[in-house]
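> Just dropping this structure here.
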Amino acid sequence: MKNKVLRGIDASPGIAMGKAYVHKKEKLYPKLIKNRTKEEELAVFYKALNDTKIELQEILSKSKEMGKKLSSIIEAQILSLNDPMFIHTIEEKITSGKNVSIAIYDFIQEMKINFENINDHYLKERFFDIQDVAMRVLSKVEGETNNSIKLNEPSIIVAHNLTPTETATLPVKNVLAFATEIGGKNSHTAIIAKALGIPAVVGIKNLLEEIDTGDEVIVDGMRGIVIVNADEDTKRTYEKRKSEYESYEKEMIASSLLPSTTMDGKLYDITANIEFPVEIESAKRNGAKGIGLYRTEFIFFMKNQLPDEETQFNIYKNAVEFFNPNPVIIRTLDIGGDKILKWEYLEEHNPFLGWRGIRFTLDRSEIMLTQFKAILRAGAKGNVKIMLPMVSNIDEVIKAKDLLEEAKKLLKKEGKEFKEDIEMGIMVEVPSVAILGDIFAKNVDFFSIGSNDLTQYTLAVDRGNEKVSYIYDHLDPSVLKLVKMAVDAAHSNGIWVGVCGELASDLLAIPLLVGLKVDEFSVSPSLIPQVKNIVRGITFDESVIITENALCMESSKKVREYLKDELLKRFPNLKNFFMEVER
């Protein structure tokens, strides 16, 4: 069949054309070896652990050639071999009478069940890391070898999933692109593909059933599609698009450090959303004027226990010193919804409307107090601001401010250096905050609009539910009017406002946000050059007109069509690279 189109998630931009290499893993099942004592089973486990550490150290040395992002992920996997949760669970299973192979296999299956219904990408990636490491230990127990991917020619790698250890052993010069059945925009596969500068499309259902090794494949990392066995016309079209994109990319990189000033002289701050510390360097390299959203959940997911003040301080300090004097906005722990910490099991019937964000940390005030102390101390090293997630009423802000003052008193008593006059802002994610924006703006130093949750709560739609996800669109006029209410309330009370959700990363929305008078855009590090380029190619005055027109429209579809037309008038070279209006 010619021109078979497979749809997934655009994980890393670019276009690749070439032959597919389908990577199918052999399933590993536990072998039952009789007549070994419990002590002997434990000895086999400890030897396999040690052998795996040695193997991962060798992989780590190779991964350093591929960049800091990948090597940091491998380092985290090496650390996970010392995770008490993993080691103790296997030890307990063995001492209860299970063979070591079955103990490890059961552990993997139990983890899989626990993580099955969780959508949060942090936890999904954590599971895949643990699974990868556990499978390596199991293969050592079984005496199996881990076969690395061998490519004899430039190829597009097609797989169910690519683990960091598999990626680290790839012959990079022969890798044209990745296409996988699972993963998201922030999965390890996406992060590594961006770091290597190769296209990737992930989350393609039944991919391995649709492609065979040797098939001619096109990977379109902008549209999130893979085309199998394209006809000659499609090939010619994509050869042209590939050439145009490569020229465009060079232009973006060359201008990424230029100021983001509109043609009529209005300057905007373009900052970075950071998921993991490994992204900090690329954010600065791409021209970020600071970190607009530093998510801190990863610190709490690293171990089977609460991170202490010193651990948090050192992580925050590194980011603050690296970006000084530009700001680093640290969001306090935001769990709940589909984020569950190992040491705090949250079972709720409706978690997205339940005990999450600031609601959780105010109830567990010792967690927030420790985090405040660490952030305050990092503030002594540079320009730091605190941001509170999932705020819905003013009492939550007042309680958090009281807790911040308590943290300052404790630090003074302990004789530790900290920033006294630290700014505190809130995320505008709940419609109530936008509606009562004047009240909130009088009590905080800034707003940051989290468009993802604001869209979800405004439209009453779970974007993770495929049956209703078509309703979810941050360009819905109702969402845009709430954004305008929040911006107007902020400015009338003398505070600034940014946008840190997907709305700020949607290139169609940049003129709209400029026209709404947003002060700051915080986006994925890889998108910073493109956002800055759009800002430099428009004027503030024309953006105000575009915004006024968009706010009068009755549906997100009409808004998208209109914004696309306006954008392509000014940037015709974007036509081939970004998502179509149709949804």
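Including glycine, each Cβ sits where the backbone N, Cα and C put it.
Whatever TrEMBL says is automated annotation, not expert-curated.
Annotated domain 'Phosphotransferase system enzyme I N-terminal' per TrEMBL: 7-126, in sequence order. Positions annotated as active site, tele-phosphohistidine intermediate by TrEMBL: His188. The domain 'PEP-utilising enzyme C-terminal' annotation in TrEMBL covers 257-538. Taken from TrEMBL, the feature Mg(2+) binding site covers Glu429, Asp453. Per TrEMBL, the feature active site, proton donor maps to Cys500.
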> DSSP says what for the domain 'Phosphotransferase system enzyme I N-terminal' (7-126): how many helix, strand, coil residues?
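Its residues fall into 76 helix, 14 strand, 30 coil.
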> Which whole-number mean pLDDT does the model give the domain 'Phosphotransferase system enzyme I N-terminal' (7-126)?
82
> Whole-number Å only: compute the distance from the Cα of Glu429 (Mg(2+) binding site) to the Cα of Cys500 (active site, proton donor).
10
> Radius 10 Å, atoms counted are CB only; among the binding-site residues Glu429, Asp453, which position scores highest?
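Comparing the binding-site residues Glu429, Asp453, the most crowded Cβ belongs to Glu429.
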> Reported as an integer number of Å, what is the Cα distance between the residue listed as 'active site, tele-phosphohistidine intermediate' and the residue listed as 'active site, proton donor'?
21
> Around the residue listed as 'active site, proton donor', which residues of its chain at least 6 apart sit with Cβ under 8 Å of its Cβ?
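Expected: Asn273, Gly292, Leu293, Met427, Ser448, Ile449, Gly450, Ser451, Ser522.
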> If you draw a 10 Å sphere around the Cβ of the residue listed as 'active site, tele-phosphohistidine intermediate', how many other Cβ atoms fall inside it, taking every protein chain shown into account?
23
